Amino acid sequence: MHKNITERYKNTHDSKKHTLQKNTKIINISKKKPQTFIMRTDVVTVTPWLSPVVWEGTFNAELLDSIYLQKNISIAATVFAVGKYTMFLKDFLLTAQQHFFVGFHVHMYVFTDRPSEVPTVPLRANWKLFVRMVPNSRRWQIISARRMEIIQTLIEDELMNQTDYIFCLDVDSRFHGRWGSESLGALVAVIHPGQEFTYDRSRFPYERHASSSAFIASGQGDFYYCGGAFGGNVQEVLQLTTTCRRNYEADAAKGIEAAWQEESHLNRYMWINKPTKVLSPEYLWQDFKAWEPEIRLVRFSGVVKNYAAIRPNLAPPTQPTTK
């Protein structure tokens, strides 16, 4: 009896298999199985709170793009070109066309006090460029710090129901390689290029005065993040910019200015509200720095510049900065 049951099952199975092979057209989606995760052991690839740290060699660009392109998402980007910083716009915009979210819908917002100096550059079919007026200031620290307020207002007034993600970038930089869907996350931070391989938190230039809203005590903190590149979905970035603006204004009312203005407040916020994705210094390097062995590719980098010539006050800062 057992033999008969087995034979009947085999005959039925073979018959169904033959019918499936006869009537079904098999589509070969990919000859090669996509590699979804590539291990790197020479760098930190995950934070203590289990958010990924993105480096070259830790993601499959083709696979990620295929997922996000199906969602038909749009990405906004902000850049501030106030005063003499308009000189960096052309290179920034041209290289962004080549490398920043290629194939996606991108809305680029240029904030400037000199709209006539915004260069005309050819735009990709899925790109839109918006130019918005902002006031100048006699102090570059004020210009830098007010970015949080302006980005907050932009999201509230225009982007909340129109855009999925937003990245806030420094204009005195240029793209050298892909910046794409691998960088997307709810709250995205970029490790500062001046602190990339320093995990001694006592050496990070956090705001150390307890009277400031940006205060981080010695021995606390995670990474040191740069103010020249950050982002996430519009809801999370709205919360970030609103909080940083409120804390900056609270400090200003007491006559306090954090050591690195909005960057100090951003680091305080990211320490309390852990980023869901951390981008390696590939996403904001500095042209004057030699590549460390761990850096396989520089995607975005601050250009060499004379701060005294482009900033309205003060001599060049004592510490290299991406601002």
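Any Cβ shown, glycine's included, is placed from N, Cα and C.
Features as listed in TrEMBL:
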BINDING   Phe80, Ala81, Val82, Tyr85, Asp170, Val171, Asp172  UDP-N-acetyl-alpha-D-galactosamine binding site
BINDING   Asp170, Asp172  Mn(2+) binding site
ACT_SITE  Glu263  active site, nucleophile
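Each of the recorded positions Asp170, Asp172, Glu263 was scored by the number of other CB atoms within 10 Å of its CB, and the largest score is that of Glu263. Put simply, the two farthest-apart Cα atoms among Phe80, Ala81, Val82, Tyr85, Asp170, Val171, Asp172, the recorded binders of UDP-N-acetyl-alpha-D-galactosamine, are 11 Å from each other.
For the pair Val82 (UDP-N-acetyl-alpha-D-galactosamine binding site) and Glu263 (active site, nucleophile), the C-alpha distance works out to 18 angstrom. Of all the binding-site residues listed here (Val82, Val171), the one with the fewest other CB atoms within 10 A of its own CB is Val82. Secondary structure from DSSP puts Glu263 (active site, nucleophile) in a helix. Its own atom aside, the Cβ of Phe80 (UDP-N-acetyl-alpha-D-galactosamine binding site) has 24 Cβ atoms within 10 angstroms in the protein chains shown. Taking the mean position of the Cβ atoms of Phe80, Ala81, Val82, Tyr85, Asp170, Val171, Asp172 as the UDP-N-acetyl-alpha-D-galactosamine site, the remaining same-chain residues with a Cβ inside 8 Å of that point are Val79, Thr86, Phe88, Leu89.
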